[in-house]
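Worksheet for the structure shown next.
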Amino acid sequence: MGKITLYEDKAFQGRSYESTTDCPNLQTYLSRCNSIRVESGCWMLYERPNYQGQQYLLRRGEYPDYQQWMGLSDSIRSCCLIPQTGSHRLRLYEREDHKGLMMELSEDCPSIQDRFHLSEIRSLHVLEGCWVLYELPNYRGRQYLLRPQEYRRCQDWGAMDAKAGSLRRVVDLY
């Protein structure tokens, strides 16, 4: 079970909203979000309602302002708790529809280019666990939550292009 508290103002001030479940529309409770406390679990935050727009992965900890979670603004409109599993495994493909060279991964990968000599991933199949795909190496840039399922093209995970820099397992480390 997870628990997150979102605050309208920086440094955990102002009106707040506490949640233990997914919330498709935070605008009902808050007009903006400038700080967050994650008491348990791993959460994905979204800039728009209904789990759309820019995504931000937050683990247990305190985030006194939106720059701490690499946010571009105080616009957080939905959030979801990411389920935890014991094992993680996914397959990367160099072409759409799971064609071309296939590589399998079960650990974090800080640089897809260094490990697999690829700068783009055209399709994915998440076999176990949840992952976050980052557009840049070393877990930077746009983030995309990957749940166990098939992704036949980059648009299936919400990206505009196939640019891929790093992959990280979603694991609650505490």
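Positions of Cβ are set from backbone N, Cα and C atoms, glycine also.
The domain 'Beta/gamma crystallin 'Greek key' 1' feature in Swiss-Prot is assigned to 2-40. Residue counts for the domain 'Beta/gamma crystallin 'Greek key' 1' (2-40) by DSSP state, with H, G and I taken as helix and E and B as strand, are 6 helix, 21 strand, 12 coil.
Taken together, the residues in the domain 'Beta/gamma crystallin 'Greek key' 2' (41-83) have a mean pLDDT of 94 on the 0 to 100 scale. Annotation source Swiss-Prot lists domain 'Beta/gamma crystallin 'Greek key' 2' at 41-83.
According to Swiss-Prot, the feature domain 'Beta/gamma crystallin 'Greek key' 3' maps to 88-128, an assignment based on sequence analysis.
Within its own chain, the domain 'Beta/gamma crystallin 'Greek key' 4' (129-171) is flanked in space by residues 42, 44, 54-57, 70, 82-85, 87-90, 92, 96-98, 105, 107-114, 118-123, which lie at least six positions past its ends and keep a Cβ under 8 Å from the stretch. The domain 'Beta/gamma crystallin 'Greek key' 4' annotation in Swiss-Prot covers 129-171 and is backed by sequence analysis.
The S-methylcysteine annotation in Swiss-Prot covers Cys23. Around the Cβ of Cys23 (S-methylcysteine), the same chain contributes Tyr17, Tyr29, Ser78, Cys79, Cys80, each under 8 angstroms and 6 or more positions distant in sequence.
Across the region 'Connecting peptide' (84-87), the DSSP tally of helix, strand and coil residues reads 0 helix, 0 strand, 4 coil. Residues annotated as region 'Connecting peptide' in Swiss-Prot: 84-87.
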Open item on the list: Using DSSP, what is the helix/strand/coil residue split across the domain 'Beta/gamma crystallin 'Greek key' 4' (129-171)?
Closed with: 4 helix, 20 strand, 19 coil
